[in-house]
Amino acid sequence: MSSGGLLLLLGLLTLWAELTPVSSKDRPKFCELPADSGPCRGILRAFYYHPVHRTCQMFIYGGCYGNANNFKTIDECKRTCAA
């Protein structure tokens, strides 16, 4: 297979991996944690996975501590937690 063909195959596999939803059994446990702004007083837009609504939602993060259910972008949240 040519290098162009290998690059195309690699690109398609990467795209498939990005677009394949996470099943609930593969979802990390931290996706079930509530949004946690932490004790600091920053005003940073962040996203968390809301397990009841099964969506990623925005919240205000204080900038320190909190928990692992905290993402800089909604796309990162969806890739990690959304089914």
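Any Cβ shown, glycine's included, is placed from N, Cα and C.
Here the structure is a predicted model, which means the values were calculated and not measured.
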With reference to Swiss-Prot, which of the candidate residues Cys31, Cys40 participates in the disulphide bond with Cys81? Cys31
Given the disulfide-bonded residues Cys40, Cys56, Cys64, find the one whose Cα is closest in space to the Cα of Cys81 (disulfide bond). Cys56
Have a look at the disulfide-bonded residues Cys31, Cys40, Cys64 and say which one has the shortest Cα distance to Cys56 (disulfide bond). Cys31
For Cys77 (disulfide bond) and Cys31 (disulfide bond), the CA-to-CA distance in whole Å is 9
Among Cys31, Cys64, all listed as disulfide-bonded residues, which has the most CB atoms within 10 Å of its CB? Cys31
